[in-house]
Amino acid sequence: MLPLELCYCNTRNRLKQPPTIVKQSVKDYIVDPRDNIIIECEAKGNPVPTFSWRRNGKFFNIGKDPRVTMRKRSGTLEIGFRSGGRPEDYEGEYQCFATNDLGVALSNKILLRVSKAPLWPKEVLEPVVVTEGTPLVLACNPPPGLPPPFTFWMNSAMTPIPQDKRVSMGLNGDLYFSNVLIKDAHTDYCCNARFLFTHTIQQKNPFTLKVLTSRKVAESTPTFLSPSGTESSKMVLRDEQLLLECIAAGLPTPTIKWFKKGGDLPGRKVKFDNYNKTLKIINVSEEDAGEYVCMANNHLGSIRHSIFVQVKAAPYWLDKPSNLVLAPEENGRLVCRANGNPKPIIEWLINGQPIESTPHSPSRQVLGDTILFRSVQMGSSAVYQCNASNQHGYLLANAFVSVLDMLPRMLGPKNQLIKVIVNNRTFLDCPFFGSPLFKNGQGSGLDGGHYRVYINGTLEIKRARAEDEGTYTCVANSMLGKAENQVRLEVKEPTRIVRVPEHRSAVRGSLAHFDCKVKSDPSLPITVAWSKDDKPLSLGWSQVIPCFYADRPDAPVELDLSDPTARSVRLTWIPENDHRSPVTGQYTLYMHPGRWQNLSTYPGDLNSVILQLAPYANYQFRIIAINAVGQSQPSRPSPRYLSNGAAPDAIPRGLRGWGSKKDNMEITWEPLLNLERNGPNLHYSVWWRRNDLGEGWSNVTTVESKHVIHNTETYMPYEIKVQARNEFGQGPESNVVVGYSGEDKPTDAPTDLQVSKVDSTKANLHWKPVDLSSVQGEFKEYRLYYWRESSLVPGLVVSKEKKTKGFYSIVAEPSGILSDLVPFSKYKMFLVVANNRFEGPPSNTVDITTKEGVPDAPKFFRINRRTFDTIHLEWDKPLEPNGILIGYQLKYQTGELVGRPQLETLPPNVTTFTLRMPDRSTRYKFYLSALTQVGSGEVYAEESPHFANEGESFYQVDIATQGWFIGLMCAIALIILILLIVCFIKRSRGGKYPVRDKKDLPLDPVDQKDQDGSFDYHSDEDNKPLQGSQTSLDGNVKESDDSLVDYGEGGDGQFNEDGSFIGQYTVKKDKDETEGNESSEATSPVNAIYSLA
C-alpha cells in the first residue's frame, strides 16, 4: 500500500489515518548521566495523535513529575536535572502509545539505563615472582561498567606494553605470558580501563614482576592458559560476531592453528587476530555452528582444544506485517512471519491490547501468524501489533487496517515509455491509491505464464521477448468509479561484440589489421571505438569506446587422484585456455552429501594439491578456474574416492540423565554427524552407576542415542559417561556427568500457615517446612496460591483469578513477604511444596483482609474550554478506590507556576468542576486526586491546552457580535461609499481640477509614500483578483482612465491640518478612451468597498 498522506482530488479534506510510529529510541538505550535524558517517540496520523507513556508496565503520569516534560506535537520525553534529582531514579522500561480516533500505535519497549563508570577497588598488589621460562597471567579484572570498558596495558611512562606471539592481552583483559623472560622484569605493569560514555580512563595499581633466573631454562610442551580443559562450548546469536580464543603456554612459544571439523572455515567472514590466538567470524549464520579446534604446537609436541559453537537467533522478520487499506465488504489479511532459534512465539494485539481480551468480531479470524478479514465494515479501522519473541529478544511491528470508501486513483506518470533488453526480467510499475483495491490489465489474463501481477500494481515480465512489445493498460475498477494508465514497452536487442580482435605479429612499417564485429539493435545508434594499452585511441571519426576481448577461462580437464593416505589425497589437473586473462585463483569443490560444496581455494599457478579429508567418506571433486573476467564452468568430476576409515575422533555431545517417570532414568546424547563417524557400524557404549553407593560401573552398547534404565529409586544421583565406537576402534570417552532418576509427587504439605503484619498491600507469611526427603525430587520452591475473594468497597466486582508466588527457603523457620496486594480486600491463600515436575498437597487455607489504602488515580480527567472565560473539568472515579471514597482534592495554579496553588475539596459524588478565568489568556495546571480516610491517592495532572485556533475563533465571534463594533463598521462603510459616489459623479461630468499637469506620468501601484510626499491609494489587496470578478486588477491589465491614479496620485498634492486636499485635481483623457473603460471595476463603488473590506 502507498502512504495514506497522499491527498485525494478534494484537497480541502485530508484522509483520516491511524497513527504510525515514525521515530523512536533504540531498545537498549544507555544515556550519559551528565546530560538530560531524551526518550524519542514521534508519530504521524490524522487526526494528529496524542501521546502517553508506560514505565515498567504502569501508566507514567508525566504531569506529576516537574522534571519530565513532553515536547509539543510529539511524544518525545525530556527529563532535566537542573533542579536536582538522580538520573538513576529514571532507569526502567518505557513504552510510548500514540493515539487518535482510529487506533493506538505502540513503540518498542525502550530499556533506559544510565552509563556507569565505577572506580577500581583499592587493593595492595604483592610483587609477582616467577621463574624464567614459566607461564604467567596478570589479571586485570576491570570494574564492571555500562557499557563495559575497553581495557589496555601500559607502563608508568604511558607507553603500551609490547605485545607479540609470546605476550598478549586476552579477550577478558588479562595479560598472558606464554613464557617469562628476564627482560619482562618490570615494576609498572598497569591495566587501564577506558569508559566510552564518560571519556575517562581509570588505572589499576601497577604489578611488579620479578623473574628468577636459572642456569638452564627447561623447555616445555604446550599447555592452554585459556580456555582450560580439552573442550568448551560457546553460544552466539545470528548476525553477531563470534570470537574464539586460544592462548597457550610453552617453551619455545607455541604457534596456534585453527580448523573446523567436518568443513572449512568460512573464508570470507573469518579473520585471525592477536597473533592467531583469536578467531573472529563476522555476521554469524546457522552454517557457522559446529566444532572448532585450535591446536598449539612447538617442536616438543602439540595440544588441541575443541570449542562447540551453537548459533541461536533472536527473532528476525520473514514477512513483516504492512498497512492494509480495505473497502466496506472487502476481504484482506495481515501476515506476521518471523524466524529465530528457538522458534519465536507470535502474539497479536489490537490498539495495544491482547487480541484475546478485545470484543469478538465476526469479520476477523486469527490463524496463528495470520489474521483474516472478511466483509469488513466502516468504523472497524484499528492498529494491529505483532509481537514475535523468544528468549533472545523480540520484534514489534505496527500495521493499521484502514477501512475507506473512496474512488481509485492512479499516481504514476501518464503514458510512460520503458525500454528493456530482450530476455531480461522487467517490471512495469502502476502505483495507485484508493479503495477498493483493483486488478491490473484489461481482463486479458496477464497474471500467469511469464507474467506476474503484484498486489501493489506492479506487473512482472519474467523474460521480456520481442512479442511482449506494446501498450499495457493498468485499470482500477470499483463500484465507485474507474481509473486507468498506460505504459509503452519496447524490447531491444543487446549490444554485443561477436568477433574479437586477434593477436597479430607484424613487421615494423607494415599494415596490421584488427577486426571487431559488433551486433546491436537496428533501432538504436551505435558507436565503436578502440583503446591501446588501456588508453583511448582516437581515430578521428568515432567516439571512444573500448573494445574488450578477454573472456572467462575454460574449465580444467583430466582430474586425477593419487597418493592416498588415511586423511588426505593428492588431486592433479590440467589447466585450459585462460582467454587472454591469467588465472588468479581456483576453487576445489567436493560432493557431499548429494550436493557440491566449496572445499578450499588455491592460487592460480597450481595444478596439484593435497586435500585434507574426513575418514571413511565418499568424495568426488571438481575444479573452477578464476580470472579477472569471472569463473569458468566447473570441470568434469574426478573419479569417486572412498577415504580410509578410522576410529571416531569426536565425543558425543549433550550427555544428560533425567527421569521421564518416577522409576526410570533416560540417558540421552546427540548422535555424531555423518562426517564424524569415520567408519561403518557406529555404536555407543554407555556407563552408569549410583553416585552415593560407590558401586561398579554398569554398561550397555547401543546404536541409538538414548538408553533407559528402569526400576530405579525415586530421584537418585547417577554418574554417567558415553563413548562412540566403529569397526576401526573406539573414540575418546566423555567426561563423567551426574544425572538423576525421575521425580514423584511430594508427600507432605507445609503446615501451620500463618499471616501477620497485614497492611494495605503486603503481608508476612510463616509456615512449618516439610522434610526435604518428602519432596521426592529436587526442591524447587514453596509455591503460594492466593486470590482476591472480594472487595470491601460496596458494589465493586473483582477478578478471582488465582495467582502464584514462589519462596525458596530451606531454613528451619521459613517465612516470606507477599506484596502487590490490593487494599481494602479479602484474600484467601494456601501453600504447597514443588519439585521440577509435581506439586504436593495443599496446606491449610488462610483468610486475610487488607487495610484501607490511598486510591488509584481517577479513571480519566478531561479538560474542555466550554465558553470564553470558563474551563470545564470532568473526571470519573478510580477503577480501584482502595477504600471508601470521601471526596476529591483539586489543586490548580497558573501554567507559569507562580503564586500559591488554589485548593478545592469536592464530595465523592461530584465529578465535574467549572473554573471561571479572570484572564482569558491564562493557562492553568490542574492536579486531581481521590481521597479516602488514609489520604489522597495518585495525582492525575493535566494542563489546559492553548486552543490556538479555537481561541482565535472566540475572539472573532466575540468582537463581531458587539454593538459598538457593528455600528463603527457601518459608519466607516457609509462614509467610504459617499466619498466614492462623489468622486464618480465629478469624474463623469469631466470636471478638471488643475494642480499640476501629470497626464503622461503614471505612478507605480505601491502602497507607500513617494519621495515628493504624495500617496498612492492602490493597496496590495487592490492588485489581487476578486472572487467573481470579470477582469483582473493586477498590474498586467491597462488601467482605465477613470482610475484613482489620475486624480492626483503621485502629484504634489498636500494635506491641510484638517485633512482636506490643497490644490485642484487634473483629469487625463486619452483619445482612444472608450465607454467600456468608464465601467472599469477599479472605479466601481461596490468593488472598491470589497477591496477595502
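Keep in mind that glycine also has a Cβ here, set from the backbone N, Cα and C atoms.
Values in this document were obtained by computation on a predicted structure and should not be read as measured data.
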Of 10-36, 631-657, 739-765, the range TrEMBL labels region 'Disordered': 631-657
Number of helical, extended and coil residues in the domain 'Ig-like' (222-310), per DSSP: 3 helix, 55 strand, 31 coil
Candidates 19-107, 121-208, 222-310, 651-744; stretch with most C-beta pairs under 8 Å toward the domain 'Fibronectin type-III' (857-951): 19-107
Maximum Cβ pairs under 8 Å to the domain 'Ig-like' (19-107) - stretch from the list 121-208, 222-310, 651-744: 121-208
